[in-house]
Amino acid sequence: MNTAEFVHAAPDDGWGPIDPRTLSTVTVHPQAGHESLGTQQRPRPGLVRRTLRDTGYVLAVFPLALVAVPVIWAFFGVGLGLSFIVVGLPVLAFCAYIGRAFAVTRRRLIRATLNQHAPSPVYHRSERGPLRRALTTLVDPQSWLDIVHAMFGFITATISFSVLAAWWTAALSGITWILWSWSLPDGEGNTSLPELMGLSGDYLTQLAFYTALGVLFLLTLPFVARATVWLDAGPALLLLSGRAALQQEIQYQVQGKEAARIAESGSLRRLERDIHDGPQQRLVRLGMDLGRAKRQLGTDPERARQTIDEAIAQTRDTLDELRSLSRGIAPPVLADRGLQAALEEVIARSAVPVHLTIDAPPKLPDHVETAVYFVISEALTNIAKHARADYVVVTVEMLDRTLRLSVSDNGLGGATLAKGHGLVGLSDRIRGVDGIMNLSSPIGGPTELVAEIPCAS
């Protein structure tokens, strides 16, 4: 893989030669043959422990489903029969609450057994009178899904229990056949399973056959146990958590848009304040200087020339400040030359030595490039102001269809995403493009900020 490097020295203080440690290096890897980094997973339990856990799930779900059937059908039948009068509505609402209780229990069992994310849905609520609360419960689609699962969940629970019980029985009875075979009746009218299969009926043949059969069932037991769990948990997840995943996705999208709006509003307020405190004041002074120079032209041309020179200097300073502020809106280099060139410009201005590695396609969606640029730029500014770091490492890489960026430093640490701190704006900006951001910053350092942004490119 070819490697291109961009080296930039941190600003020299004028007191001696540049220390090699103050060099900022950009390493750019072409996007070819890229393999994503592995993600950390929760440690899996041992096979025996998992099998016992799966068995416990089936043993717990089966009686729970059997209890739910008569209870839920009884209240549903009474409520439906009385639905033509007001009395039936509270009964149906109570039926929905019973279904909800069974649903909560089932979701907890699934989480504990499968380590599977089984999100709880958001139920509709009303703070008004009892009748209004009952009606609100009955118009909630999730309430009816809970009722349906409580009514018919016994089907999968019964099948799972029957299959797993048969498998456990075959496994245990086969491997222990030698211990209890003496109790079997032995007569001319009794035919053993090996004899039915055309084998000899002597004791050693039966011992070998039943032991081998028990070992076979025992070896396949972990897979059958997990299959029976999923046979019951699959439909349960679909009915009890299917809408919850959609609700969470919608809520995340809404919160992301709100975060983007807040971040944009904050940027505009900050820009307005900076313009008011900087260029606007300079322009006011420029107007006053030009007016003074006009009055001085007739009486003191030399003084007028000095005033005009000062006005020209004010104009240059104002233009420089406006250019600096414009980089906070839409940096021209990002649109003209792309993300790599824009980040090179950012680290060239950094007061802290930066090592930047880019392993991503040369062109990304505009909103992704803008988010990455501002997050890295603002993170470096925050580090320079508060971290007292000696160096910063910035990495931008494409992992599958997700762009991952990390900014780490060896500073003081103690950074937080709490409200009122500068990093909150970065989090809002990332959420605005449907990304996620995590921060690790123990007291004493080091600090690492990691953001992941979904990217179709």
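Placed from the backbone N, Cα and C atoms, the Cβ positions cover glycine too.
According to TrEMBL, the domain 'Putative sensor' annotation covers 57-240.
Feature annotation from TrEMBL assigns transmembrane segment to 57-76 (among others).
Among the features that TrEMBL reports, transmembrane segment is placed at 82-103 (among others). Beyond the ends of the transmembrane segment (82-103), by six or more residues, the same chain brings 64, 68, 71-72, 75-76, 123, 130-131, 133-135, 137-138, 140, 143-144, 146-147, 149-150, 153, 240 to within a C-beta distance below 8 angstroms of the stretch.
Under 8 Å from some Cβ of the transmembrane segment (152-183) lie the Cβ atoms of residues 54-55, 58-59, 61-62, 64-66, 68-69, 102, 106, 203, 206-207, 210-218, 220-221, 224-225, 228-229, 231-232, 235-236, all in the same chain and six or more residues away from its ends. Marked as transmembrane segment by TrEMBL: 152-183 (among others).
Beyond its flanks by at least six residues, the transmembrane segment (203-225) meets 47, 50-51, 54-55, 58, 163-164, 167-168, 170-178, 181, 192-194 of its own chain at Cβ-Cβ distances under 8 Å. If you look up TrEMBL, you'll see 203-225 (among others) marked as transmembrane segment.
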